[in-house]
Amino acid sequence: MSSIDSVLTETRVFPPSDAFRLQANVSGLEAYHTLCEQANNDYEGFWGQLAREQLSWHKPFTQVLDERNPPFYRWFGDGELNVSYNCLDRHLPLLANKLAIIFESDNGTVTRVTYAELYRRVCQFANGLKSLGITKGDRVVIYMPMSIEAVVAMQGCARIGAIHSVVFGGFSSKSLQERIIDAKARLVVTANEGVRGGKLVPLKATVDEALAAGGCDSVERVVVYKRAVHEDGPWQIGRDIWWHDLVKGKPEHCEPTWVNAEDPLFILYTSGSTGKPKGVQHSSAGYLLGAINTMRWTFDYKPADIFWCTADVGWITGHSYVAYGPLAVGATQLIFEGVPTYPDAGRFWQMIEQHKVTTFYTAPTAIRSLIKLGGDLPAQYDLSSLRLLGTVGEPINPEAWVWYHEKVGGGRCPIVDTWWQTETGSHMITPLPGAVATKPGSCTLPLPGIQADIVDEAGFPVENGKGGFLVIKRPFPSQVRTLWNDPERFKKAYFPEEYNGKYYLAGDSAHRDEQGYFWIMGRIDDVLNVSGHRLGTMEIESALVANPLVAEAAVVGKPHEIKGESIVAFVVLKGPRPSGDEARQIIANLREWVGSEIGALAKPDEIRFGDNLPKTRSGKIMRRLLRAIAKGEEITQDVSTLENPAILQQLQESV
Ligand code: WT7
């Protein structure tokens with residue numbers, strides 16, 4: 001485990017201010033410890049009480065946790081509820097006229113929607129879905145830009161018990177097609193176009209391409225929201241239907257379909273160690289409880305807040321902290337269509353000032369790029385409405401943390417560095433801002449009821465300061481229930497035999513300091529974290545070898561100042577190893593190729609050619625060597641087991 005021992009030596013500590021602590025939902029460290037003790041002493045009692053207090057049930061549950069069939073745990077398993085009811089209907093008596101969503105488009109146009117109006121829109125859309133024959137358990141793929149409609153589509157599915165699978169709008173038609181096929185979707189909801197940073201994103205055209213590529217026979221209809229700025233593309237009569245036509249004249253009420261607590265709310269595909277994305281399946285009740293608890297605990301939610309999570313609804317962060325969490329607690333939230341750097345790197349700060357945002361949640365990669373493009377820009381805006389800042393997606397480097405704290409938070413806002421995953425559904429390890437002192441770069445302590453630990457290969461806790469595998473030792477309500485269509489992979493990927501199938505293995509390495517604070521060090525599998533996006537090296541390799549020119553490819557990550565990690569591909573062509581202009585041309589083509597196979601986010605930053613790849617005599621690619629070469633490090637490892645040591649020098653030369 002020595003290879004993952006940490007070298008971080010950050011020692012600054014930022015305790016919550018008295019002012020923040022006194023008003024906090026969880027006020028002071030003792031209150032945090034009390035909650036943890038309650039959870040430890042009576043695990044089911046703790047979660048059961050929260051589920052009764054925080055969720056509105058149609059039929060109350062009588063059993064909290066069912067562990068009879070590990071690792072397929074069931075929570076609140078005989079209860080019935082509806083997630084959309086919990087996000088909308090239950091607020092109407094008191095909050096009908098409260099703003100639910102403030103939407104700002106790419107070019108700055110602002111649209112505001114109250115809870116009553118959102119309720120009507122969701123009901124009309126849900127009735128529209130019903131009119132297309134969509135019913136409980138059907139899968140609906142959503143391929144939408146950031147918009148009020150994206151949230152309406154997700155909530156509309158939840159209302160009738162349909163299972164949505166949102167695919168990020170930056171994914172290619174091929175990735176979209178794969179996900180449609182795996183989910184056997186009956187319906188695709190999209191927009192004619194998206195607009196980001198002044199550029200059009202051809203969403204409907206990409207859906208057309210995905211469906212034309214074959215295998216998508218399950219899809220009956222395509223609903224198209226008109227975001228539109230320019231001419232409409234081809235239209236398939238009988239299949240395609242405009243969103244506005246679908247909802248026209250539909251009743252503004254739609255009785256929620258009551259579902260079992262364990263019925264799936266959604267599937268969200270994410271990258272793993274193999275080439276095939278995993279369909280992470282989440283429950284209804286346990287998932288929503290996680291989103292609500294963390295709105296209150298981590299984000300210290302107060303009714304007067306203006307909450308802004310900048311994540312796209314195509315990722316889990318946009319599910320839990322855009323589409324569900326904020327609505328479930330009755331918050332007013334800001335949703336943004338565009339990008340942080342358009343028209344300039346002051347956009348976020350300008351929007352915080354304009355909308356008086358109180359709670360701001362974004363990714364370290366965004367912070368780093370905004371520091372680089374305009375580190376002094378926050379000073380030009382009035383950011384005094386802010387009271388809490390958050391980060392998610394990757395470790396934040398202490399310099400960026402301190403900049404965020406001082407320049408954006410004015411030194412007064414706690415920063416919650418939230419460690420969690422697509423699979424955990426909601427925050428797992430993060431400071432409670434009014435209770436836990438923060439340290440730049442540490443996600444601090446587990447939330448109450450989350451039994452996180454760091455263990456060695458045999459499952460024994462490692463001592464403080466030593467690196468190990470991050471695990472969660474007991475099931476928790478918002479965790480992934482299974483992988484869609486693949487329960488075997490679910491077991492194998494997350495509940496390894498080494499831990500008797502009991503611990504949830506997160507796939508991250510971490511260590512703890514002397515105060516028990518967690519420091520995340522990185523993935524232990526072949527998953528990269530590029531600008532907070534999770535990408536499997538195998539996916540990129542499969543995309544590369546699908547190109548007719550390519551014989552073999554190996555992909556590794558390399559530390560990157562802004563993106564966290566960048567993608568380096570080592571490629572063996574079928575023809576001779578190219579050089580000069582020819583090599584440059586092939587690199588450009590291969591980058592485009594990967595963009596069209598997976599999506600622009602997966603394009604390699606660097607491609608190097610060799611006559612071969614460094615392999616052991618048994619044919620295994622030595623990735624550790626490739627990582628060293630990518631970083632430009634001198635190779636000090638023993639290379640005597642290599643089949644072909646001469647290849648190393650070739651790969652060290654970039655084009
Ligand atoms: C992986 C999960 C959770 C929403 C966004 C990403 C890394 C996430 C942190 C953090 C250090 C983090 C981990 C994790 N990660 N948050 N605060 N500090 N690392 O979700 O795509 O499922 O990726 O992101 O490596 O395993 P995801």
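Placed from the backbone N, Cα and C atoms, the Cβ positions cover glycine too.
For the ATP site that TrEMBL gives as GLY393, GLU394, PRO395, ASP417, THR418, TRP419, TRP420, GLN421, THR422, ARG523, ARG534, the extra residue drawn from ASP376, ASP453, ASP508 is ASP508. Proximity to ligand 1 (Cβ under 6 Å from any of its atoms) holds for none of the recorded positions ARG196, LYS199, VAL545, LYS620. When the binding-site residues GLY198, GLY393 are scored by other C-beta atoms within 10 Å, GLY393 scores highest. The distance from the Cα of VAL545 (Mg(2+) binding site) to the Cα of LYS620 (N6-acetyllysine) comes to 17 Å. Across the structure, ARG196 (CoA binding site) and GLY393 (ATP binding site) are spaced 21 Å apart at their Cα atoms. Long-range Cβ neighbours of GLY197 (CoA binding site) (same chain, at least 6 residues apart, Cβ-Cβ under 8 Å): ASP106, GLY338, VAL339, THR341, TYR342.
The separation of LYS199 (CoA binding site) from TRP420 (ATP binding site), Cα to Cα, is 32 Å. For ARG523 (ATP binding site), the nearest neighbour among the listed recorded positions (THR317, SER531, LYS620), judged by C-alpha distance, is SER531. Residue environment of THR418 (ATP binding site) contains 24 other Cβ atoms, counted within 10 Å of its Cβ in all protein chains.
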